[in-house]
Each structure stands twice: as structure tokens, then as C-alpha cells.
Amino acid sequence: MAKYIVKRIFGAVITIFIAATITFLLMKFVPGSPFTSEKTNEIAEAALNEKYGLDKPVYVQYGKYLNQLIHGDLGVSYKIQKNVPVVDIIKQSFPVSAKIGGIAILFAVLFGVPIGCVAALKRGKVLDGIIRVVSTTGIAIPGFVLATGSMLLFSIELKWLPTYGLDKPSSYILPVFTLGFYPMCYIARIMRSSMLEALGQDYIRTARAKGMTQFITTFKHAMKNSLIPVITYFGPLVAYTLTGGFVVEKVFNINGLGRYFIKSIENRDYNIIMGTTVFLATLIILMNLVCDILYKVVDPRIKLDQ
Amino acid sequence: MAETNNQSLLSVNDLEVSFFTYAGEVKAVRKISYDLKFGEVMGIVGESGSGKSVSSFGLMGIIPEPGKIIGGSIVFEGRDITKMSEKELIKIRGKEVSMIFQDPMTSLNPVFTVGNQIDESLRKHTELNKEQRKERIIELFKLVGINQPEKRIKQYPHEFSGGMRQRVMIAMALACNPKLLIADEPTTALDVTIQAQILELLKELRNKINMSIIFITHDLGVVSEICDKVAVMYAGNIIERGSIDDIFYNPKHPYTWGLLKSVPKINADEHERLIPIEGTPVDLINPPQGCAFAPRCEHCMKICLTKKPPVCQVGENHEALCWLSVKEEFEKEASK
């Protein structure tokens, strides 16, 4: 097990390096610079480029960046928060996103899994039909529609919940709901189909023949067998949700990490683009490792070392 | 041979099971009746789809959707199983009546240890504490011939071979000392040597713990090996039933003749061919008016096509569902 994890971490370093390289090159191919705007003149722009080393050839900049990266330094922001280290930006904004994201994931799993199970148990009945319609709709509705729609209904029309910020516990409800609704529906759907498959297996009949109640056969025997597809989806879900949803953070005006993904690209804030990308890549790789270990926990037939 | 006393453990009367599919009502079991005494081993033989498995699922109330018992009764120790609620049935399943299934490769849950899966049953049906349960499982493993039981109970099904898994299934079925064991083609998915071992084991167990067994199979060799009496099923009916000797040496139904003729013989001549039963089984959505076997029967008479044959007593505890037997009876009467 330990050997396996070491091996995976070694592989992760290489993956992060490749991700960083591709992002760096793509970024440099995109025209424009952080300092290009209508107001700046050419002399000022050249001076700024020189100050941050952006006048050097790409390979020199690349080498310099990698060297920084190895030392855990992600550079400073050029534009969005001038001269603030990217590490500090992440440190400050990630916890905000992670908190909402974490609750949203919890919401998605705690509701998605049982809802999927119930749908499978009531296959073909009215309840199953309702769950299927709702979950398919949930997957089809774009995030911004859900965010603005729910805000319109609950905050503006009914005045139950605040429209922005995170100062009260009740202000978490809408962001968490909009962030977690899609994964919840998705989990419910995959849970339903894998559960249906599990419920048709011979070992379910064996469990029933042993005198197990329907509750035990469903939630012990069938559920553990049908979790694998959910775990597969879970890894990337956690990484993306923890780093924040751009739409949700924008609509509800939350100072999380999510907004930086788009803002940094709009502003050609090179170091933030690199910083957020490398951070997300690392998180995804880490979550994939966690998932692979979870597979083993759920299904003893899976061998990690091969 | 184990002692059999005359008390009846199980009596099935006019049991009818249907599956309500989109295509229509499939009448899988059409009024079957039989009795089983304490310690007795009964074989149910028949081809695929003859209703032998479904009728025994009915004994535990685990007929898969969309199947339903639509008539008749199953009286087990004086109580009618068909009238029991799910709650009452749960108390019987695994405790009074146990079942082993055809395919040991898929019948055990792959994500739990075998020990856990047997423990579950003990936890549910007995008052034993954790230590006692563990002891019991080890005892069961020894009984069914699994070596190193302490180590094996912590393993998962994929770490067992097919024959070993079937032993685990048997251990599981025996965990709570059931009065009746239903073995649904327990040796079909195993290769011949393992088959022989499992049969040997079942025979040994039946002598040791004196329980009744219903042995479902399509292998007549297996039946002659282990059973006291046999019921032959065709198209949802028991078309003949009797003792082993009755069925093997004095069969009365043409279908039973056909079955016996299609078994390979070890002392057959070099060029002797097996004689198959021509034709295909009937469609149970629309079972024929007369005898279900009539379209395939070499001895088919006019009446066979239009009227269902009555149950005909052809010997002591030997019944056949055939007009030929009726005819024979008449001729006997007439010659007197």
C-alpha cells in the first residue's frame, strides 16, 4: 500500500509538470499581456514587462517559473491584486470556496445516494418517475439559470434568503443548493442504474433466502456493490467543487477561488492562471488517488498494485 | 439412510404460480401437489422452464417479480406459507427453510467476507454472542470440509474456487439447522469431480443432521444417487411422481420414458445413439387445452389433445398424469 502511494505521488509530480508546461505554453501563445489596456502607453508597458521579466524569451521565463514552482513560489499577481503573492490569494480564497463546496458535496452525496436507491427500489412506480424527471431536469438546467432563478424566487420574491455574501448561516443555502444540485441529480442517476444492476444479482436472492429484510439487502448488500460508479464520479467532482464554482461565486458575490479562474484569463494575469491551474491539477490528482484507494475499500477484488 | 418418520413436514397443494409479463400471464406452475416427510429427500427433475425452480422459490416466498402465487397452499409444519406476511416469512427463511443455488460463483456477495455473510444469518436467527457465532461458523466450515477455517472465514468469495464457494453456500444454508433444505441445481455449474464431492457431502450431511431436502436438478444420475422419491415436472405440472424405483424401473409417463432414454449409458453399444425428445416445450402463456406434452408425445391419442389427463394412481405412492395410465387401468378392469 505505502509503496503504491509513493509510486502514485511520483507519477503525480510528472503529471503536474506536464499540466504546468502545457498551460504555460498555451498562455504565452494567447495574444495580449497583463499590462495592455487603452490607457497604458508603450513605454510604460515595456517598463512593466521588464520589471516582471516578461520581455525575456519564453524558454527563459518558463525556466524561471519552474524554478519558482519547485520552491513552492507561485509568483505575484500582475493585475487583479497587484503584487500580492498568488499563494496568498489562494490561501485566502480557497477556504471560502472549499467551505461552500464541501457542504455542497455533502448535500449531493447525502441526498443523491439514497434518492438513487429509492428510485431503483421503486422502479417503474410513480416515485421513480418523479425522481427520474427531476434528476434529468437537474442535469439539463445550466448553473446560472438555477442560481439566478432560485435567487429570484427565494430572495427577491419570497424574501426568505439573502441575495449575496456569506455573513449569515442562511446565506449558505442558495449557493450550496446551486452548487450541489447538479451533482446530486447526477449521483442519483448513476446510483439508480448501478443499484438496479446490483439488485438483479444472484447474491441479493441469496441474502433474501437467508431471511434478510429488504432494508438490509438494499442498503447493505446491493449498495456496497453499486458504489463504484459513484466513486469514479466523486473524485473530479470534489476537486472541481472545492475550488469553487465561477457562476455561483459571481451570482452570489462570494470572494472564493472560483472567480479567479476566469478573471485571471480575462486579464492575462499569468501567475494567477498558472497558480490556479497547478492548484486544481494537484487537487484532481490527489482526489483520484483517494478514489483509487476507496475502490479498494469498497471492493476487495480490486488490486491496487497492478 | 436417515430415519424418516411418517409425519409430514411440508405439503404443497394445487400450487399455482404465474408471471405477469407484458406479453401476458405466464403460467409457470400449474397446480402441483406433493408431500415431504421429515428426513426425506425428494428430487424434482425437469427441463429448463418446467417450473421446478419457481415452485421451490415459492416455498420461501422469494418468487422474483413479476411472479406471484395465485392459488393453492404450501403447508409447512402446519402453517400455510402462502398466507404469511413478509415479516413472518423473514423468520422462516434461512432458519426453517434454507436454500442453496445453482451458481456459487455469483450467489455470494463479492464485497463481504464469507464469514460475515454466514454471521449475518446467525445474528438474525439465533441468540448466540459474537464468540459463539464465530465458533459455529468454524464448526460449519469443518462440517462442509473447508480446511483452515479460522483463516478462510476472513476471506472474500473471490479467494475461493467454485466448489469451495458451493461449500460455503451449504455452510450458510445449514447455519441455523433448517428443517428443510432446498438445493436448486447445486451441482450444475461445477465440474464433474467437484460435483461428486458436493453430492457426497450432501449425502453425508443428510445422514448426520436428518433434514429434509428438495433436490432440484435436470440430472437423473444425481437423482438416483441421493433421492428417496422423485417428481418429474413438465410445463408447470408434475407429470409423474413416485419412489426412485418407480421412476427408474417402472416409469409410466412417456415424458419420463423420454428422459430416461436420453441419459447416456455407460454400458451402451458403440454405435448406440441417445434418443432425444423431439420438439420444443409448450408456450406457457397459452398452455394447450389437453396434455401439455401431447404435441411431442409418440403415444398421443385423440383425447390427449382435448382434455387434460387426471392424476392416475398407478401404484402405491406412484402417480402419473397421463391418459395412457387411465387407459391401462380400464383395460385391466375390463379383462377382470
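Heads up, the Cβ atoms here are built off N, Cα and C, so glycines get one too.
Marked as domain 'ABC transmembrane type-1' by TrEMBL: A:94-295. Feature annotation from TrEMBL assigns transmembrane segment to A:9-30, A:100-121, A:133-156, A:172-191, A:230-252, A:272-295.
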Contact call for the transmembrane segment (A:9-30) against the transmembrane segment (A:272-295), three or more Cβ pairs under 8 Å: yes
In contact by Cβ distance (the transmembrane segment (A:172-191), the transmembrane segment (A:100-121); 3 or more pairs under 8 Å): yes
Other parts of the chain folded back onto the transmembrane segment (A:133-156), taken as Cβ under 8 Å at six or more residues beyond its ends: 115, 162-163, 173-174, 177-179, 181-182, 184-186, 188-189, 192, 245, 247-248, 251-252
Folded-back contacts onto the transmembrane segment (A:230-252), same chain, C-beta under 8 angstroms, at least six residues removed: 93-94, 96-98, 100-102, 104-105, 108-109, 112-113, 143-144, 147-148, 151, 163-165, 171, 174-175, 178-180, 183, 186-187, 190-191, 194, 258-259, 261-262, 276, 279-280, 283-284, 286-288, 290-291, 294-295, 298
